[in-house]
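Per TrEMBL, these features apply:
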- 47-334: domain 'G-protein coupled receptors family 1 profile' (DOMAIN)
- 248-267: region 'Disordered' (REGION)
- 12-32: transmembrane segment (TRANSMEM)
- 38-56: transmembrane segment (TRANSMEM)
- 68-90: transmembrane segment (TRANSMEM)
- 110-131: transmembrane segment (TRANSMEM)
- 152-172: transmembrane segment (TRANSMEM)
- 206-233: transmembrane segment (TRANSMEM)
- 275-294: transmembrane segment (TRANSMEM)
- 314-337: transmembrane segment (TRANSMEM)
Amino acid sequence: MVPSDAASSPTTFIDVLFGWAVSFITMLSHLLNGYLTAFFVFTGIILNLLSVFIFLRKERAGTPAIQYYLVTLTLWQTALLANAFLLYSFPNLWWGHLVSQGTYVYLYPYVYTFANTTHTGSVWIVLTLTIDRYLALCQPLKHRAIGKKRRVRRLMVVVSIMAIMFSIPRFFEVHVILYCDPPTSDNCVATIDRTSLFDNQLYWTIYHVILAMIFVTLLPCLILFALTLRISIALRSAIAKRKSLCAPNSDVDTRCKSMKSSRYNSSRKDHKSNIMLVLVIAKFLISDILPTVIDVLEHVVGQSAFMRSPLASLFVDISNFLIVLNCSSNFWVFFVWGKRFRRSCRKCIKSTQIGACIYDMAQWNTDSEVSLCAPSSFTTANVTKAYGSTERSFRYKRHMELTASRTDETSLNPSRT
């Protein structure tokens, strides 16, 4: 009796531990697919639409061709967020889990197809953006020839159409069937199921393994990594070259004045915009690495064995959440690194009545804090400079004060004249 109890206790402990792990994975998957995905989907859609509005508003006054890349990428990522909500977040929030039966599954063939289309379009737009930045930094003469606005617009349309055409076979991989239990009864329910095309080994090998890894997952990630590394090296060399133009031992009056010229300011703005675009590319690359690794592992292990693992399902949920997080955070990269974008945001906020009231209240609170602190005259001058006055105005004011004092001294002491 004793050996049997001793042998059964480890099995019971392992079962309890395994059950706890499965429950934790299920809870974490529900949190990722439900509440977190819904939060970033709604905030991301709002901020992405605001970004597109700002880009299109700036486009009237004449903007760089790079904004066509950003507008197209933002639109694709906004559509991806909407599909992620319909495919993952809404079923988890409404039913507590992903559903495979019921009226809602009639949306799945369309949402499944468009979700893959938006992901493919986002990958290809980021890839063309990376190639454009590589040519602009490393081969500027060639970039001037091909980087025209009209050509960029045509390229964005062609890439988007190709992404749609590449994803059309996805629509024929799943379909809705009526499942009746028993088969002769009228108690039938709509169920999502795979088609014979999805189970075809030749189709799976050509489309999902070869074409997908070449055009969507593995090869684009490798190209993005190599080009991003090359762009980063070019940016570092540009920073070093800019610092060498004004070395500590150089002639300050000649070198530093030349650095304040319009050419230097424009190159500095281009440098910041390049850093912003590299951050967008790097952020996309980081979020797309895990889905690529999961896709490769699924092909190596086998789809049936891969999908039976709860840990593999958790990694799939994490990879989907990283994609959602990437698609919803580009606004903050534009806002932090884009000076013109921040200025346009401020104008956009002040153009609305509510935004103008909030902006005026913020300015009034700031001015009140400055006046209540009762700083010294030197501090007041520096604070005033920080709120928009230029150094030239203070020099002019000081010059007028000195002129007035000299005039008073001359009038009081006429013998000096």
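Placement of Cβ uses the backbone N, Cα and C atoms for every residue, glycine included.
Small disclaimer: the values here were computed from a predicted structure and weren't measured.
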Distant-in-sequence neighbours of the transmembrane segment (110-131), which means Cβ under 8 A and at least six residues beyond its ends: 66, 69-70, 72-73, 76-77, 79-80, 83-84, 86-87, 155-156, 159-160, 162-164, 166-168, 170-171, 173-174, 215-216, 220, 223-224, 227-228, 231, 277, 280-281, 284, 288, 323, 327
Non-local residues, at least 6 beyond the ends, that sit with Cβ under 8 Å of the transmembrane segment (152-172): 65, 68-69, 72, 76, 109-110, 112-114, 116-117, 120-121, 124-125, 128, 132, 195, 197, 203, 207, 211, 215
Interface present between the transmembrane segment (275-294) and the transmembrane segment (12-32) (three or more C-beta pairs under 8 A): no
The transmembrane segment (314-337) versus listed stretches 38-56, 68-90, 206-233: most Cβ pairs under 8 Å: 38-56
Positions whose Cβ lies under 8 angstroms from the transmembrane segment (206-233), at least six residues beyond its ends: 119-120, 123-124, 126-127, 130-131, 133-134, 137-138, 166, 169, 274, 278, 281-282, 284-285, 288-289, 291-292, 295-296, 299
